[in-house]
């Protein structure tokens with residue numbers, strides 16, 4: 001069911017969105033911004049779902065990826081698409097500093113990662129020579145023309161971030177199916193039991209952290225070239241942590257496509273509907289909706305949709321049976 | 001547009017037919033101006049001020065061209081976020097705005113004006129002082145103020161005071177960081193001993209900073225580069241610790257009527273950049289025009305934010321009307337007309353160089369004195385004498 | 001020397017206030033394992049009520065305390081009621097829920113009070129208090145410190161010496177056992193949220209008289225509060241006091257010997273070190289590991 005929804009979603013994103021919205025920069029831009037949140041949300045959910053670690057500091061990876069890529073392209077002339085990948089690697093490397101926190105549990109781990117994110121932000125502000133400090137970096141190169149396609153346009157950017165998110169989903173899917181995934185799931189249920197059976201829990205957690213950091217870093221790098229601007233306050237903003245978490249939980253963080261659907265839904269509904277209802281302070285409705293969702297459907301949006309589908313299917317079947 | 005052309009044609013035809021010299025408007029049009037500004041998020045305070053200025057500008061334009069043209073403003077809250085500002089610009093562009101007036105913070109203005117440039121729509125602002133903004137070769141990018149204008153005023157004032165040492169306390173934000181760097185450099189060149197103290201906007205206690213200035217730097221003046229809540233924090237700490245300084249000087253957001261009213265006990269003798277004294281004896285017709293229009297909408301005293309927002313919008317509106325009259329209502333037409341601007345506004349003289357920057361921009365300095373803020377620098381615009389040495393606790 | 005003394009003094013005063021902000025969060029965290037991400041906003045709500053009362057009536061903002069308490073207790077109990085409705089995965093889902101409520105509060109305050117900055121008009125609070133000719137503070141800062149210490153002390157006493165307090169403690173150390181002993185855990189939790197509301201109201205009014213308020217600061221208060229809570233270890237009141245004073249002093253010293261913008265870095269680093277070396281906090285039982 002889940003994989004079907006993912007496939008359907010990607011189909012719509014690849015074919016439907018460019019076809020219907022392709023010439024509307026505003027709407028394409030909104031969907032692309034939502035996908036940026038979605039990318040981080042998937043990375044966060046991977047760590048949360050497979051690694052059993054709830055992070056409050058994904059902004060750290062986002063920021064490190066963004067700065068790595070921006071500095072490489074601006075000061076060292078590295079091609080943008082290469083820099084996106086290196087941005088991910090940079091974020092992975094930065095996650096090594098966080099390894100000691102892996103022995104912490106639950107909220108303690110979450111808060112430790114938050115502290116790391118704050119520390120990274122302050123370091124980026126103080127390392128003026130490298131990052132431009134609080135003054136920030138303007139005119140970061142846009143996505144380039146590649147194979148005759150200008151990725152610097154809104155639609156081009158959209159395609160790139162969509163590809164990034166799709167690759168992430170595929171990776172997520174295969175990790176989950178692999179023996180790693182099984183071990184991780186077992187670990188999630190009982191770490192002690194897995195240790196006794198001989199699965200190296202810490203090793204698995206380390207790998208998941210590296211992967212999640214890489215993904216987030218790449219998305220952060222993309223955003224830097226998409227917005228063409230960075231300052232520490234922006235690159236390491238708590239928004240990059242909070243919104244993805246909200247999106248993931250909203251969509252259903254234990255599912256594959258939940259985080260993406262959640263991000264799209266929250267971002268688009270907020271910007272297209274609520275903002276028109278209350279031009280200033282529309283986030284208020286978002287807050288209400290979030291709270292309501294957690295209480296009424298705690299496992300997220302996806303189960304609601306899934307239920308809807310299955311019920312419909314069941315209804316149809318019943319209908320068919322009656323006809324027959 | 002077609003319809004407008006037609007009605008214009010009929011108007012002309014009527015005029016001709018009557019054969020008398022009454023000047024019926026040849027054309028009339030509704031000009032839609034777009035604005036993105038932070039009405040929520042961390043920049044909400046300044047964004048709201050700027051927004052009121054833009055609204056006042058639109059009102060004055062509508063009054064001036066009543067019966068002829070109308071101006072309409074479409075505003076979107078950019079939530080202090082670059083991505084949302086870009087979305088706002090794109091949305092407004094798709095709704096057919098012909099120019100943008102607004103924006104705050106270089107990091108938001110950068111991407112937003114980039115989007116405006118892509119949509120071939122001119123963009124005028126006062127909210128970002130990063131030099132790089134005007135160096136991107138955008139034909140339609142204009143800015144009525146500059147970092148140098150603020151910096152020059154402060155450096156000029158300090159120079160006039162003949163001080164030997166200064167401590168700068170500044171917020172580690174984009175604009176304040178750059179401004180502090182500029183002031184430090186210029187004062188160093190003049191041979192002053194300069195100490196700097198960087199703080200984070202979250203800091204709640206400024207006593208430790210002021211105490212360092214008092215006991216270690218022993219500077220003759222404190223320059224504050226930050227925003228309202230931080231000024232209040234620093235001034236309170238200074239009033240408590242009473243460092244032996246001759247002057248407390250701030251940049252923007254300080255020499256305002258609002259601060260004089262809200263914090264009378266803290267502001268006495270404090271300097272800040274300002275264009276007009278407070279309470280403004282809005283004497284000249286231009287000033288009166290602004291003040292009265294502002295007062296009809298808001299029961300408040302206008303600050304520099306409102307003034308700048310007003311000036312940029314009015315200049316833009318005038319350029320739009322001129323471009324329209326020449327049948328050149330497009331990016332090039334409006335940009336060309338803006339570039340021809342050379343006017344003494346309520347925020348000083350404005351003209352634009354080839355980058356869209358205003359080389360004439362100079363700030364003046366006001367000093368809080370018993371609930372009023374006379375201008376005390378430069379000598380040519382003085383409306384009062386400075387109390388020097390003078391601090392809130394002396 | 002004089003500098004250092006003042007830095008430590010300032011830090012201690014600040015720490016007292018931080019403790020007051022954090023202790024409500026710690027209490028709820030202790031009893032319910034819920035981190036209330038709207039706690040800072042509750043504090044800010046109280047501060048705005050103090051502003052509203054002062055600006056409307058002109059009376060001393062401290063007299064706004066009863067109203068502030070009533071409103072904030074109500075808000076706190078609503079949060080409790082909603083949190084209690086969460087059926088599964090409460091540790092995680094409550095974060096999202098309270099985060100959402102925080103957004104509602106911040107934006108509600110923005111709509112009602114605009115983004116302007118406010119501070120008390122009463123000059124009395126800002127007057128200087130000088131100890132031994134060299135230690136400076138504002139009256140309001142000393143007041144906030146004393147209120148903070150009293151609140152923490154009072155709470156400690158209440159938790160250890162009253163029936164309700166003991167109920168809360170037993171629920172927090174072992175919910176099931178407490179239930180078997182015939183206690184009603186929900187009632188104990190309700191009490192802890194109500195008390196958290198009282199503490200937030202105290203902190204908010206103190207915030208208003210010592211400092212300048214505007215909508216975004218609620219969030220940074222929350223972060224400071226839960227850092228101290230974790231530093232303290234599972235809802236330990238002495239831990240909150242020690243953690244808060246420690247953070248305050250570290251910030252003061254960093255500002256004095258390095259620069260103010262690094263003070264957050266220093267407190268975060270210490271927080272991390274403590275957490276990694278003593279995962280259950282300074283005064284915690286083996287809960288974090």
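Using N, Cα and C of the backbone, Cβ positions are placed for all residues, glycine too.
Feature annotation from TrEMBL assigns transmembrane segment to A:5-21 (among others).
Feature annotation from TrEMBL assigns transmembrane segment to A:27-47 (among others). Here the transmembrane segment (A:27-47) has long-range neighbours at 13, 17-18, 21, 53, 55, 58, 61-62, 154-155, 157-158, 161-162, 164-165, 168-169, 172, 175, 208-209, 211-213, 215-216, 218-220, 222-223, 226, 240, 243-245, 247-248, 251, 253-254, 258-260, 262-264, 266-268, 271-272, meaning same-chain residues at least 6 beyond its ends whose C-beta is under 8 angstroms from one of its own.
The transmembrane segment annotation in TrEMBL covers A:54-74 (among others).
Annotation comment: TrEMBL describes A:80-102 (among others) as transmembrane segment.
For A:109-135 (among others), the entry in TrEMBL reads transmembrane segment. Long-range contacts of the transmembrane segment (A:109-135) within the same chain: residues 53-60, 63-64, 67, 71, 94, 97-98, 101-102, 230-233, 235-236, 238, 241, each at least 6 residues beyond the stretch ends and with a Cβ under 8 Å from a Cβ of the stretch.
Annotation source TrEMBL lists transmembrane segment at A:155-175 (among others). With a threshold of 8 Å between CB atoms, the same-chain residues lying at least 6 positions outside the transmembrane segment (A:155-175) that come near it are 3, 6, 10, 13-14, 17-18, 22, 28-29, 31-32, 35-36, 38-39, 42-43, 46, 50, 84, 143, 149, 181, 211, 215, 218-219, 222, 226, 256-257, 260.
Below 8 angstroms of C-beta separation, residues 36, 39-40, 42-44, 46-47, 50-53, 55, 58, 61-66, 68-70, 83-92, 94-95, 98-99, 102-103, 157, 160-161, 164, 168, 171, 175, 180, 183-184, 186-187, 235, 240 of the same chain, each at least six residues beyond the ends of the transmembrane segment (A:196-222), sit close to that stretch. Look at TrEMBL and you will find A:196-222 (among others) tagged as transmembrane segment.
Taken from TrEMBL, the feature transmembrane segment applies to A:234-253 (among others). Residues of the same chain lying 6 or more positions beyond the ends of the transmembrane segment (A:234-253) and with a Cβ under 8 Å from any Cβ of it are 37-38, 40-45, 48-49, 55-60, 62-63, 66-67, 114, 117-118, 120-121, 124, 136, 220, 224, 259-263, 265-267, 290, 293-294, 299-303.
Outside the transmembrane segment (A:260-278), and at least 6 residues removed from its termini, the chain residues within Cβ reach (under 8 Å) are 5, 9, 30-31, 33-35, 37-38, 41-42, 165, 169, 243-244, 246-252, 284-286, 300-302, 305. The annotation transmembrane segment is assigned in TrEMBL to A:260-278 (among others).
What TrEMBL records for A:284-309 (among others) is transmembrane segment. Only residues 6 or more beyond the boundaries of the transmembrane segment (A:284-309), in the same chain, are considered here, and those with a CB under 8 A from a CB of the stretch are 1-2, 5, 246, 249-255, 257-258, 261-262, 265-266, 270, 274, 277-278.
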